[in-house]
Each structure stands twice: as C-alpha cells, then as structure tokens.
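According to Swiss-Prot, the feature active site, proton acceptor maps to 65. Taken from Swiss-Prot, the feature shikimate binding site applies to 14, 15, 16, 61, 86, 102, 215, supported by sequence analysis. Feature annotation from Swiss-Prot assigns NADP(+) binding site to 126, 127, 128, 129, 130, 149, 150, 151, 152, 153, 154, 213, 238; the stated evidence is sequence analysis.
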C-alpha cells in the first residue's frame, strides 16, 4: 500500500489524515496516510528516511514548509516563488518534487463560494509565509491585489517579487488605499492577539466578502468574530481552502482529481 503522511510540529491537531483518507475513499484509491511529528532539530533526516523507506509523498505544515522546500530536487513555479512547499512527491527516478497547493486551494475555494471573477480588487492582510504561497495563483486568476502588512518593507519586498506576474501593490496597515474591495483575505496568524484588530474597522467596511485563511472548529476565528461584530456579511473561514489544497496534493500524487466540495460538505 502506498504510504503518505503530513509532517508538522505540533501535528496532533491536523485534519489532513481525515481529509486525505476521505479523498482516497471517494476516488477508490488504496493508500495509507498518517500524521508524523517532525523533530525541530532533525526534520531533514526524518523526512529523507521516510522517503528512503518507500513513501510516495507527503504534505508539509508549520513550521517546516521552507525546510522541506530546500530538500527538493525539482519545483513547481508556485513553490519556487513561495520558497516553500506544502507537498512533496517522490518521482520515478527517486528525486523529490516540491509543489505548493495552498494558493490554488484558496482560489478553488473562492470559486466554490462564487467570490472569484476576473479583475477584482483583493485586499490581503499580512505578508508572511501563508501569503507567499497564495499570491501567484491569485494573480494568475487576474486579481488586482493590495498587500498590507504592519511592516511595510516586508509587504514591499513581497509585492516586488510577484509584480512580473500581475497587478500587486504594497501598503502598510495604516495606509491601505481607501477604495472598495471585492474580497478581503486575512492571512495573519495572530488574528486579534492582544485584542487589537489586524486592520482598522473602517477599512473592513469597504469590503464585499471576507475570507480568513485560518479556521477553528466549532468557534469563530478572531477575524470572523470581528467581521460579524461589524455587521458584515459574506464571511468564510479557511476550512474549504484546507480541503481544496489537500485535493490538489492528492491529484499530484495519484493523477485523479477528487470532488473536493463533496468531502468539504461531509466534514464541515
């Protein structure tokens, strides 16, 4: 039986084994998919041993996406630009191929919500690792992006890296252009840490739809709670993105594209 896993630290909270096994059942693929706790000091040795023992592929979650990318021999364009991967596949020649399905997972979920049309204005809050993985697929979907970050320089550097691929501009959190936004995407992990919003409420009120790349089971994320408290509508957490990126990883490994919406509906 072909072996796959998700690697992270911590990992006990991961929904990936549940999701991937549902995708396998739906597509009549026989696989074993497990969760593996990565050692912060010995992750590289663990991962290489995992593949040497015959594993076919894996997902990578926090905090190992950049380190896993460094171990790969070949890369997709979206992994290369993100300098991080969430998916590794062992090729027939034994080489490791890195992909990043986070962004295409986000785009696929925005399509499910009917929130994705060409030439929209999208505001992304946060310029960290989560954002790096999603910018290329959003730009390829012809979205016009304002990338806002507390540290302007970080947003500026990221925007400049992706400018050859579409329309993207940087802003600091307190200088976001006052214009309407078709979608506001929260890519900050902090949410409302310390009770402070990632962005001024008046900016949020310029949005039409609100997407949090985070999700918490059974309760609202801080960003979603903030949106609701402002009376905003068209709000979604990132669980659909999680299922969709898993489906795209599965497709890379198995050559079969699952119906991610059916699995999302089962698990939500």
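Count begins at 1; order follows the chain as displayed.
Yeah, the Cβs are placed from backbone N, Cα and C, and that goes for glycine too.
Distribution of Swiss-Prot features across the structure.
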residue: 14; record: shikimate binding site; Cβ contacts under 8 Å, 6 or more apart: 6, 8, 35, 61
residue: 15; record: shikimate binding site; Cβ contacts under 8 Å, 6 or more apart: 242, 267
residue: 16; record: shikimate binding site; Cβ contacts under 8 Å, 6 or more apart: 6, 33, 35, 59, 61, 246
residue: 102; record: shikimate binding site; Cβ contacts under 8 Å, 6 or more apart: 82, 86, 130, 133, 134, 241, 245
residue: 126; record: NADP(+) binding site; Cβ contacts under 8 Å, 6 or more apart: 148, 149, 186, 187, 188, 189, 198
residue: 128; record: NADP(+) binding site; Cβ contacts under 8 Å, 6 or more apart: 154, 187, 188, 189
residue: 150; record: NADP(+) binding site; Cβ contacts under 8 Å, 6 or more apart: 172, 173
residue: 215; record: shikimate binding site; Cβ contacts under 8 Å, 6 or more apart: 221, 237, 238, 239, 242
Find, for the listed binding-site residues 61, 86, the residue with the lowest Cβ contact count at a 10 Å cut-off, counting only other Cβ atoms. 61
Other Cβ atoms within 10 Å is the metric here; tell me which of the recorded positions 65, 154 scores highest. 65
Write out, in the order they occur in the sequence, the residues of the chain not among 14, 15, 16, 61, 86, 102, 215 that have a C-beta within 8 Å of the mean position of the C-beta atoms of the recorded shikimate site. 6, 8, 59, 242, 245, 246
Have a look around residue 152 (NADP(+) binding site) and count the other CB atoms within 10 A of its CB, chains all included. 16
Pairwise CA distance, residue 65 (active site, proton acceptor) versus residue 152 (NADP(+) binding site), rounded so that it is a whole Å: 24
Including all protein chains shown, what's the count of other C-beta atoms within 10 A of the C-beta of residue 130 (NADP(+) binding site)? 24
Please find which two of 126, 127, 128, 129, 130, 149, 150, 151, 152, 153, 154, 213, 238 have the most distant C-alpha atoms, given that the record lists them as binding NADP(+), and give only that distance in angstrom, rounded to a whole number. 27
